[in-house]
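Taken from TrEMBL, the feature transmembrane segment covers B:16-38, B:82-106, B:113-138, B:199-222, B:242-263. Annotated domain 'ABC transmembrane type-1' per TrEMBL: B:78-267, in sequence order.
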Amino acid sequence: MAEALTPGRPGPAPARRAAPGRSLAAYLLRRCGYFAVVVLAVYTLSFLLLYALPSDPVALMLERRSSGAGGSSPERLEALRAQYGLDRPLPERYAETLGRLLTGDLGTSFQSGRPVPEVLAAAAPSTIALAAAALAIALPLSAALALATSWRPGGRLHRILVNVPALIAGIPAFWLGLLLLQVFSFQLRWAPSTGGTGASGLALPALALALPVTAVLTAVLVRSLDEVQRAGFVELLRARGLPWHRIYLHHVARNALLPFVTLVGLTVGGVLVGTVITETVFARAGLGRLLASAVQTQDAPVVLAIAMLAAVVFAAANLAVDLLYPVLDPRLRRRQGGKHP
Amino acid sequence: MTTTTSTPARPRRRTAVPWTAAAVLALIGLAALAPGLIAPADPFAEDITARLLPPSAAHLFGTDELGRDLFSRVVHGARTSLATALLALAFALALSLLIGLLAGYLGGPLDRALMAAVDVLLALPSLLISLLIVFALGTGPVELAIAVGLASVPAFARVTRAEVLRISSQPFVEAARGYGLARHRILLRHVLPHARGPITALSALELATIVLSVSALSFLGYGTRPPDPEWGNLIAEGRAHFATAWWLTALPGVVLVCLVLALHRVGRALGGGKAGPV
């Protein structure tokens, strides 16, 4: 979780460099470039880890497939290696795999022998539903919790509630899921334990996936709300006699929203990968379970495809947030567009 | 009278030693070093007459499906869990210190290149990085430690670099440079010792995150093999009897949560209350 918490994300740094004389278009172009860089970096990292190491996926696959069927001959091994393109030098395969990915060809699963898109398509809908439900819980919950916490900084409520995110962040996600399952399925019998369809089956896994994310989002929003409240304009508004709830919701919250929106973009990837644990705990089929089992069976094409999917979704979410910035923050619009009237 | 006592109490409270957290850490540390002292029962001794017993005075945490004492297994599992986490922390610390020092001190294009790489990695969910490394290295406690350790390098390296930059801009470093000291000497003798405090605080917080990641990956089955107890492992095994024996999953998790919260607390105390766990 820590990776989302460090303030040093790439957004602010380029923005600082861009100050004089660069237009909005250059900003947008640069963010799109960042998108491409992230996806390419993830591809490179994944490819090196998945293919450059001396483990032999083909031998492993043959071992598994032909256990009992007379074993495997060296010739068959070579033929299979050639079929999957594992006999050629690494840089060549790097370029070729990249080219294939760009044209949408994700390859064939070592494990099942089926095309990877087919394997992914079978698993994706339930994971998308889970991740969407988790975000639908996490966003309002963290906003509400943070707004309640920061209502009166230094108040008793603040002192108590400010510890809630830290407490939730200290609980392992998988154990939290098991705990929810134990309490709500086995003790109270409110929700089905496994395989429930529709909203009732989705509620617990979504909550288990949402809570750790909520903790991070809340902590950042509270910090940002507390900081904005110390700004001079808040004092001025108070002095002008505006009621506090109006100042808080219309002025403080609006200004505090920016880091929150940034972080929401960053958490989308985390939620997607978090399904590895949630789906295992709740025994749901989906991309997360698929990734976990593909790692176990050394099914490199499937792992690569899921890593790329996570990277694209993550980078797209960040791009969307970056494109949203000028809309959300008029200061950014004015500063960058101002030199070109 | 009340006003005079309440005013100076505040700064003292901020620097107070978190005794509860320290006690929890000491207890878990003792469990890792000398498990026999805390739990005399053999963690591997099977007793079919005492299968799946709920927690009682004889078996504090109850027993598992083979009649093994769960408390003893949790206590003996502390060593594997902690050793894996500490090994991961050592990996993370060594690599990120190297990156942070190089980037922060040398600056220029090297700094920009390293930080660009770190930023991209920082953006990725660490679980994904860990899974990719597990794929490459295979399963086992050491492999797991490397996977988790490398995944937490980016966040660590960023902070190390920031610290190095902050210290390098101070007058005494400039003075040392003015005296004509060699760069590596300034870095090791003047910059690094001053960065120790913040890095120690961060280490405690990061160790908490690492403990969580190690247990999660171990829960998924990438760590220690089943007969040996390890916390993530114990919880995963307990799922087989989830409906009837709640203690098998719940109680090892409670111990895990205690450790993580204690590490958070100590990390915050070391950091002077500035750094939070989230």
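Each position is counted from 1, following the chain as shown.
The backbone N, Cα and C atoms fix where each Cβ goes, and this holds for glycine too.
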Stretch-level contact, the transmembrane segment (B:16-38) and the transmembrane segment (B:242-263), CB cutoff 8 A, at least 3 pairs: yes
Leading stretch by Cβ pairs under 8 Å, where the reference is the transmembrane segment (B:242-263) and the options are B:82-106, B:113-138, B:199-222: B:199-222
Tertiary contacts of the transmembrane segment (B:199-222), as residues 6+ beyond its ends and Cβ separation under 8 Å: 81-82, 84-86, 88-89, 92-93, 97, 126-127, 130-131, 134, 139, 143-145, 147-149, 151-152, 155-156, 159-160, 163, 230-233, 235-236, 256, 259-260, 263-264, 266-268, 270-272, 275, 277
